[in-house]
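Copied from Swiss-Prot, the annotated features are:
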- 90-149: DNA-binding region (DNA_BIND)
- 17-26: compositional bias 'Pro residues' (COMPBIAS)
- 55-68: compositional bias 'Basic and acidic residues' (COMPBIAS)
- 69-81: compositional bias 'Gly residues' (COMPBIAS)
- 86-95: compositional bias 'Basic residues' (COMPBIAS)
- 281-294: motif 'OAR' (MOTIF)
- 287-291: motif 'Nuclear localization signal' (MOTIF)
(Lines of atoms letter the chains of each structure in order from A; the text may use other names.)
(Lines give C-alpha, C1' and ligand atoms only; values in the text may rest on other atoms or scores of the structure.)
Protein backbone atom coordinates (compact mmCIF):
# COMPACT_ATOMS: atom_id res chain seq x y z
CA UNK A 1 0.00 0.00 0.00
CA UNK A 2 2.81 2.37 0.80
CA UNK A 3 4.35 1.74 -2.58
CA UNK A 4 1.06 2.24 -4.26
CA UNK A 5 0.56 5.46 -2.35
CA UNK A 6 4.04 6.55 -3.28
CA UNK A 7 3.33 5.73 -6.94
CA UNK A 8 0.08 7.63 -6.86
CA UNK A 9 1.80 10.60 -5.27
CA UNK A 10 4.45 10.55 -8.02
CA UNK A 11 1.83 10.37 -10.69
CA UNK A 12 0.06 13.37 -9.18
CA UNK A 13 3.24 15.43 -9.41
CA UNK A 14 3.65 17.60 -12.49
CA UNK A 15 5.84 16.29 -15.30
CA UNK A 16 8.60 18.74 -14.69
CA UNK A 17 9.03 17.56 -11.11
CA UNK A 18 8.77 13.86 -11.75
CA UNK A 19 12.05 11.96 -11.52
CA UNK A 20 12.98 9.82 -14.51
CA UNK A 21 12.01 6.21 -14.26
CA UNK A 22 14.78 3.84 -13.27
CA UNK A 23 16.16 1.95 -16.25
CA UNK A 24 15.89 -1.81 -16.29
CA UNK A 25 18.91 -3.80 -15.20
CA UNK A 26 19.33 -5.76 -18.43
CA UNK A 27 19.08 -2.74 -20.70
CA UNK A 28 21.23 -0.47 -18.64
CA UNK A 29 24.67 -1.37 -19.93
CA UNK A 30 23.53 -1.72 -23.52
CA UNK A 31 21.67 1.58 -23.30
CA UNK A 32 24.71 3.31 -21.86
CA UNK A 33 26.94 1.71 -24.43
CA UNK A 34 24.56 2.71 -27.20
CA UNK A 35 24.42 6.26 -25.96
CA UNK A 36 28.12 6.35 -25.48
CA UNK A 37 28.69 4.77 -28.86
CA UNK A 38 26.24 6.89 -30.79
CA UNK A 39 28.06 10.20 -30.46
CA UNK A 40 31.48 8.59 -30.70
CA UNK A 41 30.91 6.70 -33.90
CA UNK A 42 30.99 9.68 -36.19
CA UNK A 43 34.07 10.99 -34.36
CA UNK A 44 35.85 7.69 -34.68
CA UNK A 45 34.76 7.40 -38.26
CA UNK A 46 35.92 10.92 -38.98
CA UNK A 47 39.16 10.27 -37.19
CA UNK A 48 39.66 7.06 -39.02
CA UNK A 49 38.75 8.70 -42.26
CA UNK A 50 41.07 11.54 -41.61
CA UNK A 51 43.79 9.17 -40.58
CA UNK A 52 43.09 6.99 -43.58
CA UNK A 53 43.04 10.03 -45.79
CA UNK A 54 46.13 11.51 -44.21
CA UNK A 55 48.19 8.39 -44.08
CA UNK A 56 48.38 7.91 -47.81
CA UNK A 57 49.26 11.56 -48.19
CA UNK A 58 51.98 11.21 -45.60
CA UNK A 59 53.08 7.97 -47.10
CA UNK A 60 52.85 9.51 -50.49
CA UNK A 61 54.68 12.57 -49.18
CA UNK A 62 57.24 10.29 -47.57
CA UNK A 63 57.48 8.27 -50.71
CA UNK A 64 57.65 11.49 -52.71
CA UNK A 65 60.13 13.02 -50.30
CA UNK A 66 62.14 9.86 -50.11
CA UNK A 67 63.35 10.05 -53.67
CA UNK A 68 63.89 13.78 -53.25
CA UNK A 69 65.87 13.20 -50.10
CA UNK A 70 67.58 10.34 -51.74
CA UNK A 71 68.14 12.51 -54.77
CA UNK A 72 69.48 15.27 -52.60
CA UNK A 73 71.59 12.76 -50.74
CA UNK A 74 72.73 11.28 -53.99
CA UNK A 75 73.32 14.77 -55.31
CA UNK A 76 75.25 15.55 -52.13
CA UNK A 77 77.20 12.38 -52.53
CA UNK A 78 77.68 13.20 -56.16
CA UNK A 79 78.73 16.74 -55.23
CA UNK A 80 81.03 15.34 -52.58
CA UNK A 81 82.40 13.01 -55.16
CA UNK A 82 82.73 15.82 -57.67
CA UNK A 83 84.29 18.34 -55.25
CA UNK A 84 87.52 16.36 -54.74
CA UNK A 85 87.70 15.92 -58.49
CA UNK A 86 87.31 19.66 -58.92
CA UNK A 87 89.87 20.29 -56.22
CA UNK A 88 92.24 17.90 -57.87
CA UNK A 89 91.69 19.60 -61.17
CA UNK A 90 92.14 23.07 -59.68
CA UNK A 91 95.16 22.11 -57.60
CA UNK A 92 98.29 21.96 -59.68
CA UNK A 93 100.72 19.21 -59.07
CA UNK A 94 104.14 20.15 -57.78
CA UNK A 95 106.70 20.08 -60.54
CA UNK A 96 109.94 18.31 -59.74
CA UNK A 97 112.77 19.81 -61.74
CA UNK A 98 115.86 17.88 -62.61
CA UNK A 99 119.34 19.27 -62.06
CA UNK A 100 119.80 19.85 -65.78
CA UNK A 101 116.55 21.79 -65.98
CA UNK A 102 117.47 23.87 -62.95
CA UNK A 103 120.89 24.66 -64.40
CA UNK A 104 119.35 25.79 -67.66
CA UNK A 105 116.74 27.89 -65.89
CA UNK A 106 119.28 29.48 -63.54
CA UNK A 107 121.61 30.32 -66.41
CA UNK A 108 118.76 31.95 -68.29
CA UNK A 109 117.68 33.83 -65.15
CA UNK A 110 121.16 35.27 -64.72
CA UNK A 111 121.02 36.62 -68.27
CA UNK A 112 117.41 37.80 -68.27
CA UNK A 113 115.07 37.96 -65.27
CA UNK A 114 112.02 38.90 -67.34
CA UNK A 115 111.88 36.64 -70.41
CA UNK A 116 109.11 37.22 -72.92
CA UNK A 117 106.71 34.66 -74.32
CA UNK A 118 108.92 33.52 -77.20
CA UNK A 119 111.92 33.10 -74.92
CA UNK A 120 109.86 31.13 -72.40
CA UNK A 121 108.67 28.85 -75.17
CA UNK A 122 112.25 28.26 -76.26
CA UNK A 123 113.25 27.50 -72.68
CA UNK A 124 110.31 25.11 -72.41
CA UNK A 125 111.52 23.30 -75.52
CA UNK A 126 115.08 23.11 -74.20
CA UNK A 127 114.09 21.91 -70.75
CA UNK A 128 111.21 19.65 -71.85
CA UNK A 129 108.72 21.67 -69.79
CA UNK A 130 105.54 23.55 -70.54
CA UNK A 131 105.47 27.30 -70.96
CA UNK A 132 103.21 27.87 -67.89
CA UNK A 133 105.67 25.91 -65.73
CA UNK A 134 108.54 28.03 -67.00
CA UNK A 135 106.57 31.22 -66.37
CA UNK A 136 105.70 30.18 -62.82
CA UNK A 137 109.32 29.20 -62.12
CA UNK A 138 110.58 32.62 -63.25
CA UNK A 139 107.92 34.34 -61.16
CA UNK A 140 108.92 32.44 -58.02
CA UNK A 141 112.60 32.93 -58.76
CA UNK A 142 112.15 36.70 -59.09
CA UNK A 143 110.27 36.81 -55.78
CA UNK A 144 113.07 34.88 -54.10
CA UNK A 145 115.69 37.18 -55.64
CA UNK A 146 113.88 40.34 -54.48
CA UNK A 147 113.53 38.95 -50.97
CA UNK A 148 117.25 38.17 -50.83
CA UNK A 149 118.11 41.67 -52.04
CA UNK A 150 115.92 43.24 -49.38
CA UNK A 151 117.52 41.14 -46.66
CA UNK A 152 120.99 42.10 -47.83
CA UNK A 153 120.10 45.78 -47.80
CA UNK A 154 118.66 45.49 -44.31
CA UNK A 155 121.82 43.74 -43.11
CA UNK A 156 123.97 46.47 -44.63
CA UNK A 157 121.86 49.19 -43.05
CA UNK A 158 121.92 47.54 -39.63
CA UNK A 159 125.52 46.35 -39.43
CA UNK A 160 127.26 48.67 -41.89
CA UNK A 161 126.32 52.08 -40.49
CA UNK A 162 128.69 52.02 -37.52
CA UNK A 163 131.76 50.91 -39.52
CA UNK A 164 131.09 53.61 -42.09
CA UNK A 165 130.82 56.26 -39.41
CA UNK A 166 133.91 54.98 -37.64
CA UNK A 167 135.67 54.92 -41.00
CA UNK A 168 135.06 58.65 -41.28
CA UNK A 169 136.49 59.29 -37.85
CA UNK A 170 139.30 56.76 -37.60
CA UNK A 171 141.73 58.13 -40.27
CA UNK A 172 142.08 61.42 -38.39
CA UNK A 173 143.63 59.54 -35.50
CA UNK A 174 145.96 57.49 -37.70
CA UNK A 175 147.30 60.34 -39.89
CA UNK A 176 149.21 62.09 -37.15
CA UNK A 177 152.22 60.84 -35.28
CA UNK A 178 152.06 60.22 -31.57
CA UNK A 179 154.73 62.88 -30.90
CA UNK A 180 152.38 65.77 -31.54
CA UNK A 181 151.04 66.73 -28.17
CA UNK A 182 148.39 69.03 -29.61
CA UNK A 183 146.73 66.08 -31.33
CA UNK A 184 145.24 65.00 -28.04
CA UNK A 185 142.94 67.93 -27.46
CA UNK A 186 142.39 68.47 -31.18
CA UNK A 187 141.32 64.89 -31.75
CA UNK A 188 139.01 64.99 -28.76
CA UNK A 189 137.32 68.13 -29.99
CA UNK A 190 137.09 66.90 -33.58
CA UNK A 191 136.33 63.20 -33.17
CA UNK A 192 132.53 63.42 -32.66
CA UNK A 193 131.90 65.47 -35.82
CA UNK A 194 135.05 66.35 -37.78
CA UNK A 195 133.20 68.08 -40.63
CA UNK A 196 130.41 69.78 -38.73
CA UNK A 197 130.40 73.48 -37.95
CA UNK A 198 129.61 72.84 -34.29
CA UNK A 199 133.24 72.01 -33.61
CA UNK A 200 134.29 75.47 -34.83
CA UNK A 201 132.58 77.15 -31.92
CA UNK A 202 135.49 76.01 -29.75
CA UNK A 203 137.78 78.38 -31.66
CA UNK A 204 135.22 81.07 -32.49
CA UNK A 205 134.17 81.55 -28.89
CA UNK A 206 137.74 81.53 -27.61
CA UNK A 207 138.75 84.83 -26.04
CA UNK A 208 142.32 86.19 -26.26
CA UNK A 209 142.96 85.48 -22.60
CA UNK A 210 141.83 81.88 -22.92
CA UNK A 211 143.90 81.50 -26.08
CA UNK A 212 146.91 82.91 -24.27
CA UNK A 213 146.44 80.51 -21.39
CA UNK A 214 146.06 77.66 -23.85
CA UNK A 215 149.09 78.42 -25.95
CA UNK A 216 151.18 79.21 -22.90
CA UNK A 217 150.77 75.62 -21.76
CA UNK A 218 154.03 73.66 -22.00
CA UNK A 219 152.31 70.75 -23.77
CA UNK A 220 151.31 72.92 -26.73
CA UNK A 221 154.54 74.85 -27.25
CA UNK A 222 157.29 72.65 -25.85
CA UNK A 223 156.94 70.33 -28.83
CA UNK A 224 157.46 73.27 -31.16
CA UNK A 225 160.52 74.71 -29.39
CA UNK A 226 164.03 74.17 -30.60
CA UNK A 227 167.27 74.05 -28.63
CA UNK A 228 169.02 77.36 -28.19
CA UNK A 229 172.27 75.84 -29.42
CA UNK A 230 170.83 75.58 -32.93
CA UNK A 231 171.85 78.73 -34.74
CA UNK A 232 170.30 80.34 -37.77
CA UNK A 233 172.38 78.16 -40.07
CA UNK A 234 171.14 75.00 -38.42
CA UNK A 235 167.64 75.52 -39.73
CA UNK A 236 167.43 73.73 -43.10
CA UNK A 237 166.13 75.70 -46.06
CA UNK A 238 166.26 79.08 -44.28
CA UNK A 239 168.96 81.61 -45.37
CA UNK A 240 170.38 84.30 -43.09
CA UNK A 241 168.73 87.08 -45.04
CA UNK A 242 165.37 85.43 -44.50
CA UNK A 243 165.89 85.44 -40.74
CA UNK A 244 166.35 89.22 -40.72
CA UNK A 245 162.94 89.70 -42.29
CA UNK A 246 161.08 87.78 -39.60
CA UNK A 247 160.98 90.97 -37.50
CA UNK A 248 157.92 92.17 -39.43
CA UNK A 249 155.95 88.97 -39.04
CA UNK A 250 152.18 89.18 -39.21
CA UNK A 251 149.56 86.50 -38.91
CA UNK A 252 150.03 85.42 -42.54
CA UNK A 253 153.86 85.51 -42.41
CA UNK A 254 153.79 83.50 -39.20
CA UNK A 255 151.71 80.90 -40.99
CA UNK A 256 154.20 80.77 -43.88
CA UNK A 257 157.12 80.57 -41.47
CA UNK A 258 155.61 77.46 -39.91
CA UNK A 259 155.76 75.55 -43.20
CA UNK A 260 157.50 72.13 -43.23
CA UNK A 261 160.55 73.60 -44.98
CA UNK A 262 161.16 76.15 -42.24
CA UNK A 263 160.20 74.10 -39.24
CA UNK A 264 161.00 70.40 -38.79
CA UNK A 265 157.75 70.02 -36.85
CA UNK A 266 155.45 71.04 -39.68
CA UNK A 267 151.74 71.27 -39.12
CA UNK A 268 149.75 68.45 -40.74
CA UNK A 269 148.03 69.66 -43.87
CA UNK A 270 144.59 68.15 -44.21
CA UNK A 271 142.68 68.56 -40.93
CA UNK A 272 144.14 71.83 -39.67
CA UNK A 273 144.04 73.65 -42.99
CA UNK A 274 140.43 74.41 -42.18
CA UNK A 275 141.38 76.08 -38.93
CA UNK A 276 144.39 78.10 -40.12
CA UNK A 277 142.47 81.32 -40.61
CA UNK A 278 140.91 81.01 -37.19
CA UNK A 279 144.25 80.21 -35.58
CA UNK A 280 145.91 83.11 -37.40
CA UNK A 281 143.32 85.55 -36.14
CA UNK A 282 143.74 84.19 -32.65
CA UNK A 283 147.54 84.50 -32.93
CA UNK A 284 147.22 88.08 -34.14
CA UNK A 285 145.01 88.91 -31.20
CA UNK A 286 147.51 87.06 -29.02
CA UNK A 287 150.33 89.31 -30.19
CA UNK A 288 148.28 92.41 -29.53
CA UNK A 289 147.35 91.26 -26.06
CA UNK A 290 150.86 90.09 -25.27
CA UNK A 291 152.13 93.65 -25.54
CA UNK A 292 149.67 94.69 -22.87
CA UNK A 293 150.06 91.63 -20.69
CA UNK A 294 153.76 90.90 -20.54
CA UNK A 295 153.33 88.56 -17.60
CA UNK A 296 152.13 85.70 -19.82
CA UNK A 297 155.66 84.84 -20.92
CA UNK A 298 155.64 85.86 -24.59
CA UNK A 299 158.76 87.98 -24.52
CA UNK A 300 159.83 86.84 -27.96
CA UNK A 301 156.74 88.38 -29.54
CA UNK A 302 156.92 91.74 -27.77
CA UNK A 303 159.75 93.42 -29.67
CA UNK A 304 159.79 93.73 -33.45
CA UNK A 305 163.57 93.21 -33.46
CA UNK A 306 163.26 89.62 -32.35
CA UNK A 307 165.22 87.36 -34.72
CA UNK A 308 163.75 84.02 -33.67
CA UNK A 309 162.02 81.58 -35.96
CA UNK A 310 158.37 80.66 -35.51
CA UNK A 311 159.47 77.35 -34.08
CA UNK A 312 161.89 78.98 -31.60
CA UNK A 313 159.42 80.84 -29.39
CA UNK A 314 160.04 79.83 -25.81
CA UNK A 315 157.49 80.07 -23.07
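Quick reminder: no glycine exception, Cβ is built from N, Cα and C everywhere.
The average pLDDT for the DNA-binding region (90-149) in the predicted structure is 92. With DSSP classes pooled into helix, strand and coil, the tally for the DNA-binding region (90-149) is 44 helix, 0 strand, 16 coil.
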